[in-house]
């Protein structure tokens, strides 16, 4: 597939030809990365076609978050990132499959069915932005937008062999993003390479008065300033890879060796055990999800239950029929931790621990430029692999720290396991220092020259 950098130099006629080619490929593909052929929606404007995750509002398109409960809901306005794309010669072209309401790590919970990993169709593409990553890796999209709440851009990028960037919280407007966890959610790019990630990130970044959490900063110019010659002080976290598979640990060590040979300084630092971060993340995210999803009741928009006798039954049937099992589980757990008698023991304590984690990251970044970790404990696994939801939650162990602290992080493919499956590694930077993430990744990408096709 042509890269984003290359596509931006095409004429409008050439772009129309490209869109027709993408549409034909999507119709012929069995990955189920798109919800439907992109031509059925049409493009949101003239420009380079960008795949959009199904939780980002595109005016006039049916946006469902891959959930039955939003069946028939047509977005009445553009998300701010869509307006930004249009101003930068890009346009939405197709909606990507995802875990329902972005709650999952495998893209198995979508009402549209599972998405397959293009590297091995018997395996998951990761999630929740699995459709975006599978499409980019499978040659079905030039580039894509995803959302990242606890690793939902970076983990599927790692599983599929793409570059995935989660920007600093507030760097990219969330206006028009259908919320899962408002204090963690962030929109970001999934692309074929670091240059494309930089270009797409620059296009969607910047202050937005419609988002109260938006940082008052101008759009970034990371692509213009990409520098592969910078050298950084990079921290690795002690005992941090003990939960990773042997293949991931080997890729981690080999990448560290490459970074040292490139002239970067590697130092060891210690943080709170990552298993605590899992507990903190899920308590807070489920609590916020239970609040955010309370609006989906069958009254104002989306699916409405039939043959009901009163308002209470309308609420109960619409929500029980419309939500999938994982979403129901998180809503129930979220309501539990917010309930009387449990708020202080769970939610309040989790928020206090979140502050401690942010302070630990800030302390580390007083002495280093970047932190280096795996993205996921394993490469992509087979479908129906997790015996319990808890096992799936643990797959986020390396990614959630950046969301808890609001820091930017990037997933870069660095190796292949013995089965030929991609393995990604992650860089985390201090707040609003996406430039360093992209610089070090750009240099490492060229140094490794990993061929995944």
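The backbone N, Cα and C atoms fix where each Cβ goes, glycine too.
Now, the feature entries from Swiss-Prot:
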type     : residues : note
ACT_SITE : 53       : active site, charge relay system
ACT_SITE : 128      : active site, charge relay system
ACT_SITE : 152      : active site, acyl-ester intermediate
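Feature map: annotations from Swiss-Prot on the structure.
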residue: 53; record: active site, charge relay system; Cβ within 10 Å: 28
residue: 128; record: active site, charge relay system; Cβ within 10 Å: 35
residue: 152; record: active site, acyl-ester intermediate; Cβ within 10 Å: 37
Distance [Cα-Cα, Å, rounded] between the residue listed as 'active site, acyl-ester intermediate' and residue 53 (active site, charge relay system) = 11
Please state whether DSSP places residue 53 (active site, charge relay system) in a helix, a strand or coil.
-> strand
Which three-state DSSP class does residue 152 (active site, acyl-ester intermediate) fall into?
-> coil
Between the Cα atoms of residue 53 (active site, charge relay system) and residue 128 (active site, charge relay system), find the distance and write it as a whole number of Å.
-> 10
Specify the secondary structure state of residue 128 (active site, charge relay system) as given by DSSP, simplified to three classes.
-> coil
